[in-house]
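These notes concern the structure reproduced below.
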Amino acid sequence: MFDRLRAALGVHRSGGEDAPSPQPPDRPPAAPPSATTATTTTTENTGSVRVGLAASIVARWSLRALAIAAALYIAGWLVQQTWSLLLPLVLALLLSTILWPLMQALRRLMPSALAALISMLGFLAVLTGIVWVIVPRVSAEAGELIDQLYEAVDDFRGFLGGPPLNLDSDQVADMLDQALNQLQQHQQAIATSLLTGVSSLGSFLVNFVLVLFLTFFVLKDGPRFLPWSHRWLPDRGRGHVDALAVRIWKTLTGFIWSQAAVAFVDAVLIGTGLVILDIPFALPITVAIFFASFIPIVGAIATGILATLVALIDQGFLIALLVLAIVLVVQQLEGNLLQPFLVGRTLSLHPAVVLGAVTVGGTIFGIIGAFLAVPAAGTAITALRYAREQAVRQPSGPAAEPMPGPAPEKRDEAAQAPGEEP
């Protein structure tokens, strides 16, 4: 009994290896978090993630917008600095799109240089014929229109003196004197404008001759420009430049010919109405409508207002209303049928985009800018569509269309030295 007790005490005193380690006192388990607290924490985390994601998206798009705005500003600045050089080249390209079908037809019968020369001479002959027909008409009817203008002024003076205004002759004379005084005060500005117009006329003649020379070389050597440009381009970009150049050329050609068809319809319909109503300057106004219609929306409206004013001076208020009605009907026909069917298929530009482009171009570069605004917008849209197609076709990098030349395997074989084993 004692031995057992000693043995038990011996083991306990020696702290045997099998002795259990002291255990800490039991603590009550922590209470689990409530469901309300967990939901609040999850909601806060989700809201923070959403706010961070939205801020990241806004920051990325803001940087892209700033980059696009900076690129547009730099491009506009470069265009302004090089406008005197770019303008003749752009006009030569547009004129070449008009003469290109005739050039291609003549090229089958004669050398390209002679075909280009005959095409240019034909264009000059048509232009000279138009001027030769219009100028005598204008000079013959100008005196009559001036007399009609004086009569219109007298009628307007009578209108001011009659009901409902009932102004006496002294008040009407004072109004006319104020108008003359304003004219005299601004005579220096008018003289400066005339001198500027003379200078602009000289610049126009120089640019016109330069455009003719550039057009001749574009017609004669146009197909050689792209192969010549290949020496300045990397191999990967040559196919893209060729494809994009072909698309831009088709866009410009389609715009010029479709807009010419629209302008022809506008000029014929409005001109026929002017002839029926016996409006003076019917033929010059018709020609002006044709050329002004190459500036979409704005050009036809301006020439329509001109025709209405001439009708008002010569025929009176009722005939002027009829001319205005004819112009509005033709404009509705153009805007709802001709422009979407002809020009819309070529450029696929919304009328708001067209009007904005014409406004910006006219504000910065005047009439020439308004004329070139829509072709420039169409060219930019064509380039963006091509870039998007290539990005979709090969998202990881610039798309590589098949380049002219042998296949890659054949190129590798050609690059090997003679007698070298592949």
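From the backbone N, Cα and C atoms, a Cβ is placed for every residue, glycine too.
What you are looking at is a predicted structure, and each value in this text was computed from that prediction instead of being measured.
According to TrEMBL, the feature region 'Disordered' maps to 12-43 (among others).
The feature compositional bias 'Pro residues' is assigned by TrEMBL to 21-32.
Marked as compositional bias 'Low complexity' by TrEMBL: 33-43.
Away from its own ends, the transmembrane segment (61-79) comes close to residues 86, 364 of its chain (Cβ-Cβ under 8 Å, at least six residues beyond either end). The feature transmembrane segment is assigned by TrEMBL to 61-79 (among others).
Positions annotated as transmembrane segment by TrEMBL: 85-102 (among others).
If one looks beyond the transmembrane segment (114-135) by at least 6 residues along the same chain, the residues whose Cβ comes under 8 Å of a Cβ in the stretch are 95, 98-99, 102-103, 106-107, 212, 215-216, 219-220, 283-284, 287. The feature transmembrane segment is assigned by TrEMBL to 114-135 (among others).
According to TrEMBL, the feature transmembrane segment maps to 201-219 (among others).
For 255-277 (among others), the entry in TrEMBL reads transmembrane segment. Tertiary neighbourhood of the transmembrane segment (255-277): same-chain residues 94, 97-98, 283, 285-287, 289-294, 296, 300, 303-304, 307, 311, 315, 319, 322-323, 326-327, 330, 333-334, 338-339, 342-343, 345-347, 374-375, 378, selected by CB-CB distance under 8 Å and a gap of 6+ residues from either end.
The transmembrane segment annotation in TrEMBL covers 283-309 (among others).
Residues or ranges marked as transmembrane segment in TrEMBL: 316-333 (among others).
According to TrEMBL, the transmembrane segment annotation covers 353-384 (among others). Away from its own ends, the transmembrane segment (353-384) comes close to residues 76, 80, 83, 87, 90, 94, 244, 247-248, 251-252, 255-256, 259, 294-299, 346-347 of its chain (Cβ-Cβ under 8 Å, at least six residues beyond either end).
Under the heading region 'Disordered', TrEMBL lists 392-422 (among others).
Same-chain neighbours of the transmembrane segment (201-219): 87-89, 91-93, 95-96, 99-100, 103, 112, 115-117, 119-120, 124, counting only residues six or more beyond its ends whose CB sits under 8 Å from a CB of the stretch.
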